[in-house]
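*Asks:* What follows is a structure written as structure tokens; I'll ask about it next.
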Amino acid sequence: MLERVAVLYNPLSDASIKLSRELTDWLIARGIKTRRGVSQEFRDQPQLVADCDLMIALGGDGTVLRAARLCFPHNIPVLPVALGHLSFMAEIGPEEVYSGCEQIMNGGGWFDERTLVRAQLWRNGQKLGQHTALNEVVISRSDISRIVNVHVTIDDSPLTTYHADGVIVATATGSTAYALAAGGPIVDPRSQALVLVPIAAHLTNIPSMVLHEDAVVTMQLRSRHHALLAVDGRENIDLIEGDEVVVRRSPQVCTFVRLRPSNQFYTQLVARLRRS
């Protein structure tokens with residue numbers, strides 16, 4: 001039963017703003033306590049989200065990623081609603097949001113648990129930080145004219161040193177995002193496997209790889225010039241030579257609410273790729 005719902009909208013999208021207002025009024029009229037806001041507001045006041053039963057994310061995949069960041073620490077499920085964008089995370093559009101909410105209010109739908117990855121940044125034996133991603137962790141060049149040298153180890157076994165524009169470690173969910181654009185394989189999102197994808201690699205015969213779910217991937221920067229660490233397209237942390245980023249599956253998951261059968265993924269995938 002839904003008692004409290006958070007509605008996340010994109011402040012740069014008129015369609016998202018309009019639908020968020022209308023949906024909030026619709027939910028309140030049905031006796032559901034509803035909090036409407038943008039990601040910054042919910043980050044600054046996490047108590048607004050912590051006791052919610054559901055977050056509805058209105059926008060593209062960027063909005064869904066922001067919703068995931070807000071919700072997974074509290075185990076709150078997310079209902080993604082795509083607004084005119086090519087989306088691999090959302091299965092319904094604005095025309096279905098009200099019937100979808102009614103379906104959820106009546107006990108329908110199912111929970112789709114997606115794998116997260118955790119990345120730890122180490123420098124000279126000291127852990128500098130820890131970050132969690134739904135899509136991917138990326139080491140990339142910070143200078144457009146230079147490539148980076150990234151030494152990759154999997155489960156303590158050296159793999160190779162990529163001379164590339166960057167290296168991606170993605171989840172199955174992220175396999176249809178940056179990793180796909182870089183030439184990586186598409187992995188069924190129900191899988192817990194990880195994907196290793198070099199970005200425009202030079203002089204290497206090691207292609208993209210699908211790794212087992214408990215793989216531990218260590219990426220060490222071996223370039224004298226700086227590089228950047230990005231987590232789901234955010235953070236952009238400066239890296240220096242010798243820095244290590246250790247990526248493994250997180251014990252936490254991101255939960256989406258789905259209204260269609262799980263076997264619809266491939267049908268939706270083909271439709272989305274045809275539109276891209």
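From the backbone N, Cα and C atoms, a Cβ is placed for every residue, glycine too.
The following feature annotations were taken from Swiss-Prot:
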- Asp61: active site, proton acceptor (ACT_SITE)
- Asp61, Gly62, Arg66, Asn135, Glu136, Arg146, His163, Asp165, Ala200: NAD(+) binding site (BINDING)
*Asks:* To see if you understand the setup: which same-chain residues, six or more apart in sequence, place their Cβ under 8 Å from that of Glu136 (NAD(+) binding site)?
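*Replies:* Correct list: Val117, Ile168, Val169, Ala170, Thr171, Gly174, Ala177, Tyr178, Ala179, Val231, Asp232.
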*Asks:* At a 10 Å cut-off from the C-beta of His163 (NAD(+) binding site), count the other C-beta atoms across all protein chains.
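*Replies:* Here the count is 17.
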*Asks:* Over all shown protein chains, what is the count of other CB atoms within 10 A of the CB belonging to Ala200 (NAD(+) binding site)?
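*Replies:* That number is 13.
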*Asks:* Taking DSSP three-state, what's Ala200 (NAD(+) binding site) in: helix, strand or coil?
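*Replies:* In the DSSP reduction, Ala200 (NAD(+) binding site) maps to coil.
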*Asks:* Please report the Cα separation of Ala200 (NAD(+) binding site) and Asp61 (active site, proton acceptor) in Å, rounded to an integer.
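*Replies:* Distance between the two Cα atoms comes out at 24 Å.
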*Asks:* I want to verify one value. Collapsing DSSP to three states, which class is His163 (NAD(+) binding site)?
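*Replies:* Its secondary structure by DSSP: strand.
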